[in-house]
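Trainee: Mind looking over this structure? Questions follow.
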């Protein structure tokens, strides 16, 4: 039997979170954290609503997943996030020792790859899952803002 | 008349916060954020108590100060923190566009300077204020843990 729990399957959940952010006028980034094919955190960017630069989707997801697990290390967890994490989020992921990060669109300007932020040596990274859809949502958001 | 509101004055407040962390069995790092010589946020590391890698003193201070100010940018604010910020905290400070960061002890291993994390171009950094006291508190904490 085919495994339905692919990276695309969970990235779609993250994308749905990004759409919720979009509807609220937030930069549309969404995230979920998964352990054993089970979603244990789903969050979206809330920096405007909370007036808080630390309220990125990933930061909330890390806090929420640790709360669910009852421990601060995200062992055997995978983060799915629609946009490449920034320095702050990658720095938090470093501390969490998360097992895997899957992101959609690249952020050439402010993403952790260009910025040179170090992840934990244990952490595996997969990029480009639903990259076009994730990038399109961002582009639509900023195009609408400029009107 | 001499200005009592020196960097040492406010670092002492941050140090007092670090002592509170120490008493709770948390890695002893404390922070305050100051605007116009007024402390608007005072926080200490709570990663153990909250089971949350994102609960560094600086992260809480950024959220708390933004809440006080009613806006997410920390214009004209100075962060005093007993230890050099890590990648995550420096990444958050980057987004906050904070005016000035004053830290006590260096963190050669995991501090943002060695890690190469970028701050906002507007942000001024002062280091070494009460560096010995801040470092001693950390050393005492880890020596006690090893017993």
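Quick reminder: no glycine exception, Cβ is built from N, Cα and C everywhere.
Unlike curated records, TrEMBL annotations are generated automatically.
The annotation domain 'CMP/dCMP-type deaminase' is assigned in TrEMBL to A:5-115. The Zn(2+) binding site annotation in TrEMBL covers A:56, A:86, A:89. Sequence annotations record features per position, and here TrEMBL assigns active site, proton donor to A:58.
Are these features on the surface or tucked inside, and what are their neighbours?
Mentor: Of all Cβ atoms in the protein chains displayed, 24 besides its own lie within 10 Å of the Cβ of residue A:86 (Zn(2+) binding site).
Around residue A:58 (active site, proton donor), the C-beta neighbours below 8 angstroms that are at least 6 residues distant in the chain are A:31, A:43, A:79, A:81, A:85, A:89, A:92, A:93. Residue A:58 (active site, proton donor) falls within a helical segment according to DSSP.
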Trainee: Using DSSP, would you call residue A:86 (Zn(2+) binding site) helix, strand or coil?
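Mentor: Residue A:86 (Zn(2+) binding site) sits in a strand per DSSP.
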